[in-house]
Each structure stands twice: as C-alpha cells, then as structure tokens.
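S.K.: What follows is a structure written as structure tokens; I'll ask about it next.
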C-alpha cells in the first residue's frame, strides 16, 4: 500500500472518498518491478494515444516565445460550453514535450472526463525558434506565470488545474511556493518531482545510474540547445557546454550561468522545491516512488509536508521515475495515470467539499 502523508484530516478523508486509488495496494509489473527497469522501459512499453493538437505561440515580456499545444476537446459531452470547460495545464519533464507518452496518456484520461488540456512546452524544445538567448530552468517561474495568466485570461470562467511531471513538477511546485494562494489554479498534481536537487544529482552520478541515465540525459540537454547554437553563442562558450558529461557539468557551464546564479550550488538550492513546500497555498497531491533514482526516497520532505495542510504525499515502495507500471503487460494505464485521473476529477467535481468535510 502507498504511504499517504497529510496533516489535514479533511484532505485525507477527501482523498479516501474521491481519489481512492491512493489507498489501494499498488502491484508493480512483476517482471520489471525494480525502479531503474521501470524507468527505462516505460517509454517503450506504454502505448501512445493519438492526440490532435492545436499549436499556439505566445510572446514573452523579454521578446521570447513559448509554444503551447492545446487539446480543446470540443466534442466534450459533459462540458459542451467551452467557456466553462475545466482546463488542465500539463508540464512535461526536463527535455520533454507534448509528444511524451505520459503526457498523451494524461490527455487521453482528461478527454474521457470531458476536460480541456494545454501543454506548456519549455522554450526552444518543441520545434520553435529561440528568439532570445534564453531557455528554461526549474527555478525560474516567469514563463510558467505568463502561461498560467494567458490560459486563465482566455477562459476566466473555467475551473483550472495543473499537473507537472519530473522537472515540470519541480517548476510547478516552485511557482506555487512563490505565489501561495495568489494563483488562478484551484489545485495541482505533481509526479516524480526531484525534491532536493543536490540529492538528485548525487544519486544520478553513481556509476550505474550515470551509465543508465545521467549521460543520456546530458546528451538530450545538449541536443535540445545545439539547434539554437547560433543564438546561444552570443553568451556562452558552446564548445565547453557540449563537453559536459553529467547534468551537473551542463548546469554549471550553462543553466546556472544563463539565469545569473553566482554558483551552481546557488542554483540548485533555488531549484529545490523542498525549500518552498511550506508556502504552497492550494491543494496539491504529490506522487513519488521511494526507489526513484532521480528523486531518492530519503530526500522526500515528509516532515515538511506534514506542516502544510494543503499538501498530500503519496509514496509507493516501487515505481521508479515516471514508471508506476502495473499488470502483466502494462501497455495502457499506469498507477500514475489512475492517480492523475481520479485526482483531477475529484477536484473539478467535488473540490468544494475539501473544506466542509
């Protein structure tokens, strides 16, 4: 059974009644239960539901642009009025886009419930050009704030939630820690977030984890900026950036410099959501597996979460990083997908009951 951590009895009772999956026993796929195997296999095993997007490019205050992929769900029978159709903002992981299988599954779940989705693609990674020499990071929430304001301004009468995965979850938590209750979002769901970046990079630098994940992730980061080399060479020694062999080296040469941090430690401290959890002002459900090498179990801020009545943690013993595979042949729905579906439905349809239970 997952461990449900929440200091607020009403939030606990709400989840037990309207999101019962968080109290059910999670049975990982027996032939790939180990966390690293789950992490590696999910992208290859899970299906990729067909989703037809409508793309929108929005301009930012500094002259840049952000690519949003909309799934309008205009065929929604439950919410035929687009002005009041519930909207879910989705934030993919570090180098992820709207094409990731876990994003497609979240949209598929939302479609069945009648909701609209919009995917926030970080700058420069979804095929659009960089108009300024700036990308993104887990600590800087300016682009996310612009997107949330834009989406809310288009549909001010629609209930509005967000869900973030991995780095997308870290960014969303850092935004919520900064804004408190001053946000148009009514709730948020967080999956496989790295709570303490120092612990995350240390775990990823262990020899086997470096071989399986760190080196590949570093090359993905390098690949995501190489297309914009001409723009970025104005500010960076790109040859040095391309020599990085770990995420830490990449962040030291590129990310921390881009966002004006004096040292990489300053950046990692600012990027760690565990430091901002006390300030979250809306209901947030966070799912982590304690065998996630990207977010080791000992770094999950259980005691801090207990100090905020708006926060609930769901901790499984297996599941890896964005894995949570279940069943003999886990092609379709994962435990993470079921948590997402039940929680967004609970909040959109019964959220007003949290404070009356």
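Glycine residues also receive a Cβ, built from the backbone N, Cα and C atoms like all the rest.
Sharing the features that TrEMBL gives for it:
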type: DOMAIN; residues: 86-327; note: domain 'AB hydrolase-1'
type: ACT_SITE; residues: 166; note: active site, charge relay system
type: ACT_SITE; residues: 292; note: active site, charge relay system
type: ACT_SITE; residues: 321; note: active site, charge relay system
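Surface or core, plus neighbours and distances: that's what I need for these features.
M.R.: In the predicted model, the domain 'AB hydrolase-1' (86-327) shows an average pLDDT of 97.
Within its own chain, residue 166 (active site, charge relay system) has 92, 93, 94, 96, 191, 192, 193, 194, 294, 321, 322 as residues 6 or more apart in sequence whose C-beta sits under 8 angstroms from its own.
Its Cβ taken as reference, residue 292 (active site, charge relay system) is surrounded by 28 other Cβ atoms within 10 Å in the chains shown.
Counting Cβ atoms from all protein chains shown, residue 321 (active site, charge relay system) has 25 others lying within 10 Å of its own Cβ.
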